[in-house]
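Feature annotations, reproduced from Swiss-Prot:
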- 119-128: compositional bias 'Acidic residues' (COMPBIAS)
- 21-26: disulfide bond (DISULFID)
- 42-86: disulfide bond (DISULFID)
- 45-59: disulfide bond (DISULFID)
- 53-76: disulfide bond (DISULFID)
- 60-66: disulfide bond (DISULFID)
- 93-106: disulfide bond (DISULFID)
- 100-118: disulfide bond (DISULFID)
- 107-112: disulfide bond (DISULFID)
- 29: glycine amide (MOD_RES)
- 119-139: region 'Disordered' (REGION)
- 1-20: signal peptide (SIGNAL)
């Protein structure tokens, strides 16, 4: 082989092994755009799109409470197929730093649970078994998970 052929093969080999951004495979925003994931708001869900998806089967909002496993969750299934992660609004709570999904409810990777840090007035002192609505935490969670009963049950 001639020196030109060997040199050409070496250059071709280096081009194949390099991690440069070429015209064919360059992502939008350039090579460094992959380092900074774009955060977006989670998809809207629930009646009147008043909630946000917190998982494939959880939809929570201040006005609707938390809906788990209801027909309104079809939109939340789409979240898994979107390329960028979503970010929920609200302060972080719980052991896995999930978001406050609704007043008094913290949702994380393992599901949702009652959390006094998520109440609207978390600075006020309340007895552990009663809240300002006059219901036990269990009753409050049931009311949040079943918002259709709100018309009949007044706080």
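Keep in mind that glycine also has a Cβ here, set from the backbone N, Cα and C atoms.
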* Structure fact -> By Cα geometry, the one of the disulfide-bonded residues (53, 59, 60, 66, 106) nearest residue 100 (disulfide bond) is 106
* When the Cα of residue 42 (disulfide bond) is compared with the Cα of each of the disulfide-bonded residues 53, 66, 107, which one is closest? -> 53
* Taking each of 76, 93, 112, 118 in turn, which of these disulfide-bonded residues have a Cα lying within 10 angstroms of the Cα of residue 66 (disulfide bond)? -> 112
* To do: Let me know how many other Cβ atoms fall within 10 Å of the Cβ of residue 106 (disulfide bond).
  => 25
* Structure fact -> As a whole number of Å, the Cα atom of residue 60 (disulfide bond) is distant from the Cα atom of residue 76 (disulfide bond) by 11
* Asked: Do any of 53, 76, 93, 106, 118 (disulfide-bonded residues) have a CA within 10 A of residue 59 (disulfide bond), and if so which?
  -> 53, 76
* Rounded to a whole number, how many Å is the Cα of residue 118 (disulfide bond) away from the Cα of residue 112 (disulfide bond)? -> 12
* To do: Round to a whole number and give the Cα-to-Cα distance in Å for the pair residue 76 (disulfide bond) and residue 45 (disulfide bond).
  => 7
* Find, for the listed disulfide-bonded residues 45, 93, the residue with the lowest Cβ contact count at a 10 Å cut-off, counting only other Cβ atoms. => 93
* **Fewest-neighbour residue among disulfide-bonded residues, criterion Cβ within 10 Å, set 86, 112** => 86
* Minimum Cβ neighbour count within 10 Å among the disulfide-bonded residues 42, 53, 107: which residue? -> 42
* Under a three-state reduction of DSSP output, how is residue 42 (disulfide bond) classified: helix, strand, or coil? -> coil
* Asked: Tell me, how many other CB atoms lie within 10 A of the CB of residue 60 (disulfide bond), whichever protein chain they belong to?
  -> 29
* Asked: Looking at the disulfide-bonded residues 59, 66, 76, 100, 118, which sits with the largest number of other Cβ atoms within 10 Å of its Cβ?
  -> 59
